[in-house]
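According to Swiss-Prot, the features are:
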| type | residues | note |
| --- | --- | --- |
| REPEAT | 1-14 | repeat 'ANK 1' |
| REPEAT | 15-44 | repeat 'ANK 2' |
| REPEAT | 46-74 | repeat 'ANK 3' |
| REPEAT | 75-104 | repeat 'ANK 4' |
| REPEAT | 105-134 | repeat 'ANK 5' |
| REPEAT | 136-164 | repeat 'ANK 6' |
| REPEAT | 165-194 | repeat 'ANK 7' |
| REPEAT | 196-224 | repeat 'ANK 8' |
Amino acid sequence: MVEYLVSLGADVRSNYDHAIKSAFENGHLQVIKYLISLGSDVSMHYDYILLRASRNGYIDVVKYLIEQGVDPRTNNDKAVRKASKNGRLEIVEYLVTLGADIRIDNDSAVRWASKNGHIKTVEFLVAKGADIRAKNDYSLRHSSKHGHIKMVEYLVAQGADVRADNDYAIKWASGKGHLEVVKYLVEKGADFRADNDCAVKWASQTGRVEIVEYLVSKGAVCPY
């Protein structure tokens with residue numbers, strides 16, 4: 001299609017090289033190479049494009065950009081952090097081979113991956129030295145908040161503290177309606193009555209009937 005449009009006289013560089021930018025955004029490497037052969041040039045935007053390609057999982061584009069001289073560690077290793085956040089394990093692994101620092105920004109790579117439930121990515125990062133307890137057990141607290149039970153179980157097995165930050169995990173899991181997570185946290189010693197029965201209050205306020213019933217059965221006092 002692109003070749004056809006070019007044959008009709010389309011200007012591949014119109015609108016500030018929008019065509020090639022779009023090709024990068026969508027991971028169309030062959031189109032990218034074709035447009036470059038016709039004179040398209042977005043080299044001044046390569047760093048930004050690397051971040052987008054890493055986030056979106058376009059490993060071929062990431063490799064191509066690095067072959068063109070883009071620094072894989074640009075912007076404080078933002079590429080590996082973006083890839084981790086979105087569970088792009090293949091890209092994370094590749095960037096690590098190029099020297100990416102997975103622990104930069106207070107272990108934001110493993111924190112974001114945990115929050116979003118990307119367990120394979122988290123396992124890889126931990127194997128490479130990431131601290132799952134960084135920032136007051138952010139990984140466990142936010143994976144609990146978002147209901148990622150397998151992630152929660154994994155993090156606890158790795159030594160995460162279910163009671164961190166005044167039992168943040170069970171309070172947020174309760175308020176968000178994640179019953180399986182709530183039960184698991186209670187089993188592992190979370191204080192479901194912390195902060196003046198905050199967990200059952202939040203569950204009640206957000207209409208999480210099953211969680212309210214469960215917590216009350218355990219001894220929580222619901223004031224409503």
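Including glycine, each Cβ sits where the backbone N, Cα and C put it.
Helix first, then strand, then coil: DSSP counts for the repeat 'ANK 7' (165-194) stand at 22 helix, 0 strand, 8 coil. Residues of the same chain lying 6 or more positions beyond the ends of the repeat 'ANK 6' (136-164) and with a Cβ under 8 Å from any Cβ of it are 110-111, 114-117, 119, 122-123, 126, 170, 172-173, 176-178, 180-181, 184-185, 188-191, 194. Model confidence over the repeat 'ANK 8' (196-224) is summarised by a mean pLDDT of 94.
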